[in-house]
There are 2 protein chains.
Amino acid sequence: MLTLPETVEAQPHLNVAANPVVAIVGATGAVGVELLRCLEARNFPLSRLRLLASPRSAGRTMTFRGEAVEVEALTEDSFEGVGLALFSAGSGVSKRYAAAAVKAGAVVVDNSSAFRMDPDVPLVVPEVNGAAIARHRGIIANPNCVAAIATVALAPLHRAHPIRRLHAATYQAASGAGAAAMEELRESTAAYLRGERFEPRVLPHPYAFNLFSHNAEMDPETGYNGEETKVVAETRRIMGTPELPVGITCIRVPVLRAHALALTVEFGEAVPVEEARALLAAAPGVKLVDDRARNHFPMPSDATGQDDVLVGRIRPDSGDPSGRSLCLFVVGDQLLKGAALNAVQIAEALLPR
Amino acid sequence: MLTLPETVEAQPHLNVAANPVVAIVGATGAVGVELLRCLEARNFPLSRLRLLASPRSAGRTMTFRGEAVEVEALTEDSFEGVGLALFSAGSGVSKRYAAAAVKAGAVVVDNSSAFRMDPDVPLVVPEVNGAAIARHRGIIANPNCVAAIATVALAPLHRAHPIRRLHAATYQAASGAGAAAMEELRESTAAYLRGERFEPRVLPHPYAFNLFSHNAEMDPETGYNGEETKVVAETRRIMGTPELPVGITCIRVPVLRAHALALTVEFGEAVPVEEARALLAAAPGVKLVDDRARNHFPMPSDATGQDDVLVGRIRPDSGDPSGRSLCLFVVGDQLLKGAALNAVQIAEALLPR
């Protein structure tokens, strides 16, 4: 079922017009800012940029292509004339306003989790399942950041050698919890270094030189938190492997804006390291960083601000006696491939050729 | 073979005398300081404390039981009258001076990797294989910090349900690389917050709000670094499971002094979460921190300065279709259970009853 209210019919348009009016919903958030930067950096062909946010942010200006654009308060009437709406203001806002955008004629690329598991809404990482974009009925979902980063690295291997089982331990940055969490990491760390107490306001635990189990809500029955559940479900959906066994531990680490993943990937047969390396080196959106001689592997400091997902430490899993598993270490900018860049890449695929 | 030079015979004494003279070799290092504090906090029955270090540190004083103790330069003649020598000055110093200490009549508890895989030297975590202490011939090895922390959490489960396979992703603190690395983390982070450049001196990569594959030397053939190799070999030896398949990824994170481990443990049969929790709650050296309702699990900020290893996030591995695996998240103070505390606990076991 499509999650649009019944009064809204799915629109016939599967593409956006040339040079559309583009709206960013949640323009002042951590991802919103990066959406604006990505549209600018990639020279996205748009006739006008509209910045929508909560009434609290209305009236502020942000710079796009050298010009000040005023932030407007989001209402259901905001979408008149908008051809493409990039939503990044949380699940509640998407549920409330995406239908209005579609009704007004816009195609919505939604960065929230609101529609990701809706069978009528494609969930897309262009390098992995870009063909799914064509099946949209007005809304396309942009995945969870870990799922997006992981699948960019996994898909090239999976196409050559189907993956049978996956295990992930994550090292997740502050940015996944928003700009305020990034600021809390900076502020609490500065306070720690001055020897001062700091009371967390955004995250539930101290963050300075600390790490903790991901702050998403925990299911008391299963012992898995909402982040882990999302990563598993979305990875399966994007890869087209609905039954893939996935084990996962999501941990928040004191890093600003790039997520790291220690992945163990079991295949149906042994995959030589050299072959995996060649597949990844040739894969779109991947940069191989696998220099054993210099002990140089993917790091957040290298991934920050980079479009590519960095992949390295490719080696047989010493813990799999069958010899059919490889380990990888993967790092991607959470705000770029994990969010804004992927959304803009989806939008680019919607433009007329 | 025992690694002592042939001219040194293994000493007959298997215990140390009551109220021995105790020497700390490497007294001014990160672990040395904690050794001194542990001896004091645990009221270790000693007649005199000798502090040995490089000539560079000689002449400094450190406070023990309210009195200033002068640091002496380490030489081969330093061990006269010493009954117990706690070494923590790196593998090279242990290889060079441990034999002199044993020859002088001391029992050596060595925190370096020099003798850990020597079949004639017990490698001990008292809660796990304390009985092995009795087999020593002058030297007892204190394990790698990750192996010590992991085995405290694994042994109580393994005794009830033998472990068949283990997978670990680590989140390792600066302290494992010494006091200078801890200072580099503080300094480079302060510089980052001021917007200044910082050139790493101790670690090979930027550390402020960053993480990286462990800095131990990488084997270009296997793709595993020396830390990973040690953890695998030592975990097997301490647990008495020489063939245990262990997969591992060791990552350095910007945390000061507690290591965290995401463990996946496969047993021969399904182990109910409640049983695992009960086994761990009753285990020596373990503190259960597994509060799903409050989303409160082991964190470095809680483990720092604590003797116990914190264990939580106990749940079935959603990635194991056989249902025979559990996941755990384990955090321990790297300088305490990962180093100094474990060494002092070994020393306590050597005292006359």
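Using the three backbone atoms N, Cα and C, a Cβ is placed for every residue, glycine included.
Curation plays no part in TrEMBL annotations; they are all automatic predictions.
With B:T28, B:G29, B:A30, B:V31, B:R56, B:S57, B:S175, B:G176 listed by TrEMBL as binding NADP(+), the candidate from B:Q334, B:Q345 annotated for that site turns out to be B:Q334. Cβ neighbour count for B:S175 (NADP(+) binding site): 26 (other Cβ atoms within 10 Å of its Cβ, all protein chains included).
Under 8 angstroms separates no C-beta among the recorded positions B:T28, B:A30, B:R56, B:H259 from a C-beta of chain A. Residues B:T28, B:G29, B:A30, B:V31, B:R56, B:S57, B:S175, B:G176, B:Q334 are the ones the record ties to NADP(+), and the longest Cα gap between any two of them is 26 Å. Taken residue by residue with DSSP, B:H259 (active site, proton acceptor) is part of a strand. In sequence order, B:C145, B:I149, B:Q172, B:A173, B:S175, B:G176, B:R257, B:A258, B:H259 are the residues near B:Q334 (NADP(+) binding site), counting only same-chain partners six or more apart with C-beta under 8 A. Using a 10 Å Cβ-Cβ cutoff, B:T28 (NADP(+) binding site) registers 20 neighbours. Residue environment of B:Q172 (substrate binding site) contains 24 other Cβ atoms, counted within 10 Å of its Cβ in all protein chains. A simple way to gauge crowding: the CB of B:H259 (active site, proton acceptor) has 30 other CB atoms within 10 angstroms, across all the protein chains here.
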